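Report on the structure given below.
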Amino acid sequence: MTFSRLVLRSGSARRAFALRSTRLFSSSTVRKTVGTTLSTAFDGCLPLAAPLQAGFAMNIQTRMMSTTSDAKDTPVNSEGAESASTEAEASEEDVPSIKNQSKEKPAEETETKSFQTSGEKLSGETETHQFQAETQELLHIVSRAIYTDKEVFIRELISNASDASEQARFLATTEKLQSSDRPLEIRIYTDSKKNTITIQDFGIGMTKDQLKSHLGTIARSGSKRFLKEFHENKDITSGDDRTSAIIGQFGVGFYSSFMVSDKVEVFSQSARPGHGAHYWKSGPNASFELGNAEGVKRGTKIVINLFDDAKEFSDSASVERIIKRYSSFVPFPIFLNDKKINVFGALWAQPAKSISEEKYAEFYKHLTNAYDTPMDRMHFTSDVPISIQALFFIPEYHTEKYGMSRMDPGVAVYSRKVLIKAKAKEILPDWLRFVKGVVDSEDLPLHISREQLQDSQLIKKINKALVRRLVSHFSTTAKKEKEKYAKFYKEYNTFLKEGVCTDIENKDVIAKLLRFESSKTDAGKYRSFDDYIADSDGKQKNIYYLVSSKRQLAESSPYFEAFKRKNTEVLFMYSPIDEIVMQNLSKYSTRKLVSIEGTDINVEDTDEIDWHDEKKKKFKHVLSSADCEDLCEWMEKILPDRLKSVKSTTRLDESPCIIVDHESASVRGFMKLVNQDNQMNMDVQKQKLEINPNHPTIRGLLYTMNDDEPLAMRVAEQLVDHALIAAGLLDDPRMMLNRMNDLLAIAMDVEGIESEMDEAKLKAAKGGSKATKGEAKATKGEA
């Protein structure tokens, strides 16, 4: 049986093989030879998983060293050897995943396995060092109070491994390092049986002094020290930015492992020649051990013995989820139990010209767990005033329109490709929550745990810069790709309007993105405020708008009559939020935003006297000013609870009257939703009424007022209800049904018709009676 096949067998077989090995190789010389042979054999055995290799190699060598004397007294027989061999061939329960992986692994992944390490062990005695009293206290704070989630220890250790690899890659350009051909990758292994997780890199490694300094003193960051030495080195070009990938800052990341363990072992071999391998361990007490090690390859290997309540971190699926959440874009390959995890690179850090549309779409789906294709994207890099790399996507649709819950912020914040916050509400204002993507900045002010952002002023600068970039991108799209922007606006216009109402600082630039239908365009065609201004008369001082439920109602509105007659453009708005948007804006550029439902509407370039003269020519009977005053005073007198004031107007053409200076129907609708339990305060208040003195109904009302005041009162009240309906203020029109029926009866002169019918019936009845008597007489005569 080959050596590699035997390694794949069960734990019992390994133990049997180890026992036989101790009998055969008892001398120190042979043990040394076997140790070297095992190390070489493991490097060549490609299908093996590292935990099995490490455990098996150490098991054999340890047993050979510790049980030599016992082996002399223990008989070896062929039956025992045959039993062990049989058990080895029959049982493969310990390694089912390895058997399958060996058939399906890609070629490039298989090649990197030859660099796995195994067989690391302590060599000689260790020396014990005590943490200083303040360091002990810091250790307790770091492991118990700084981090909110235990799982971030994996992120921190991967970040440290990435830093070590980055340092090795950088120094390889200026120095000769050990094993310079070794791939820079990060290997992670979980062992649910031993309840351990191992994280290994092949980077710069640490010397004995560095282990003592960096791991023995909290807040002593090796990465930070490396950056300092780099910047102080005059031989290196000052413009070199290769160190921007260094992640570590505070030197506390390693100690996050003590949230889940009280025993952490470290094997490290410096990449710089002339240094041996070393071992570091800290247990449950306030001390750490330091000693020499054997079988350690370049880099650092950290073995974490997990607490019982942290067993989830020895589970492969749980660890894979954590890696994908926090460290999926680390610039070095990450392998979990020999499976490559970070299959996507940090696309936002790559030049936009080098990325295909397919790659963008694939990255978007990976980032958002979505299935749609984004309708738009924005990829940019900025160095002034803050270093920012950002990649934003606009999804094809949003979910809030389907009545689902309010969306969470869609942008994740990274620092040097490591996730800091998945749904960062600080980085973009809430109205941009539909934007998905990534923001990465090495200038981000981070909390020591790297879980929160600090320095609110700097975050505000980043926020401001990103908003302006996005608004500028939308504006450019609106100018150059109108169809694309129309599709975007149809889907996301409510968010832009929300931005006008909530983002005071940016509302003016957001207003440039708004689009509305107009009285001068066909249905479905939209115009901006700038379009309105460009096409209007230079004398016009206002931008006029009308909020209605649909276009047909807007065009037939009595408020639109004067504007239609003078061919003055009015923007038609159909959403309840539009009225609130206009009130929040109040003006655009130098022009006021004016609702045509207001009181003091004077359509520019309208000569009221000339218009009044035209009406005199059209109608035979036009009310005089005195008649109008009498009628207005009478209406105020008979409807004191409904009317605040009544006056005549020249702005109407086809309608008898309108309500002016009233609360918006849209605003009223919102207030009703807020005050559902207090409907008493939502009754229609007294209104201002304007009448058209040239309308037949108003002229007829004046005459009826003198001849039949009860009828005139009912007509006047009905006119007020009609005006309220036109303004969208009458909540329940059923209240006027009885009055309307009475007026219909009067209009048809039902009483007169009935009296005429009664007379006809009476005449018919009398005529029928005479005929009956005559018939009776004739019958008598015949008899």
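A Cβ is built for glycine as well, from the same backbone N, Cα and C atoms used for every other residue.
Automatic prediction, not curation, is the source of TrEMBL annotations.
According to TrEMBL, the feature region 'Disordered' maps to 67-128, 763-783. Under the heading compositional bias 'Low complexity', TrEMBL lists 78-88. What TrEMBL lists as compositional bias 'Basic and acidic residues' is 101-112, 772-783. Taken from TrEMBL, the feature ATP binding site applies to E156, N160, D201, M206, S221, G222, Q249, F250, G251, V252, G253, F254, T300, R450.
The Cβ neighbour count for D201 (ATP binding site), using a 10 Å radius and every protein chain shown, is 28. The Cβ neighbour count for T300 (ATP binding site), using a 10 Å radius and every protein chain shown, is 26. Residue density at G253 (ATP binding site): 26 other Cβ atoms are found within 10 A of its Cβ, drawing on all protein chains shown.
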